[in-house]
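Straight from Swiss-Prot, the features:
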type	residues	note
ACT_SITE	84	active site, proton donor
ACT_SITE	115	active site
DOMAIN	56-219	domain 'SIS'
């Protein structure tokens with residue numbers, strides 16, 4: 001039985017049949033043109049993406065976590081998105097978690113066969129003490145990865161919300177999830193190499209999930225990352241510039257309040273806008289569910 005026969009990501013792209021005889025310039029043009037399929041795939045899934053973000057936002061507001069889980073490129077993309085959230089939004093590293101078949105070492109070196117064991121998906125979720133408050137997002141371009149299916153089955157069994165993200169229609173993993181996103185950008189230029197368009201598609205979906213979920217819990221004011229964690233000189237300067245941008249104060253004043261606010265951009269802004277001290281600013285934010293109210 002050919003288990004890959006009807007999977008979109010395994011189909012040949014008629015536009016790249018002569019890839020091996022194209023000039024580099026021709027191949028570059030082709031690969032650029034092929035990326036347009038990514039945007040069309042995302043537009044077609046607008047409603048489903050929206051539903052997923054509403055679900056992830058609900059989970060975060062109610063004490064849950066977002067758990068990405070996948071194998072290979074899909075797993076790496078989940079980790080990549082997850083690890084960027086603490087410095088960008090000052091969330092705990094346990095708020096958005098990325099899990100990959102084969103463990104952390106699989107991020108830099110393929111672990112043969114890890115994705116084929118459904119029980120590994122279950123065990124990885126058990127290792128982080130998954131609860132019913134969490135939302136598990138299974139990612140598999142092919143839509144059939146056993147590791148992901150095992151994870152979704154376990155998540156369902158304990159009452160956690162489940163999501164399946166794939167790049168093929170009628171994906172097998174969709175059957176194991178409450179919500180599904182089947183964004184199909186078309187066959188790859190290099191047949192079956194889902195690190196290409198499928199990977200780009202998945203990354204953009206994860207970008208939307210994490211960013212807009214953070215917006216929903218007050219981590220953003222207007223379009224500014226007011227909960228940025230100042231972990232390097234660039235982010236320290238960005239923090240001060242954000243304070244200037246929102247409040248209209250000069251750089252020196254922004255720097256003074258930044259230090260008074262214990263290097264919290266959000267608290268500094270509230271202190272300036274409300275002409276109050278640090279403790280009062282914290283109380284105002286708590287009363288507003290951690291949102292800056294203009």
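For all residues, glycine too, the Cβ spot is worked out from N, Cα and C.
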(request) Would you mind ranking the active-site residues 84, 115 by how many other Cβ atoms sit within 10 Å of each Cβ and giving me the lowest? (result) 84
(request) Average the per-residue pLDDT over the domain 'SIS' (56-219) and send me the rounded value. (result) 96
(request) Give me the Cα-Cα distance between the residue listed as 'active site' and residue 84 (active site, proton donor), rounded to a whole Å. (result) 24
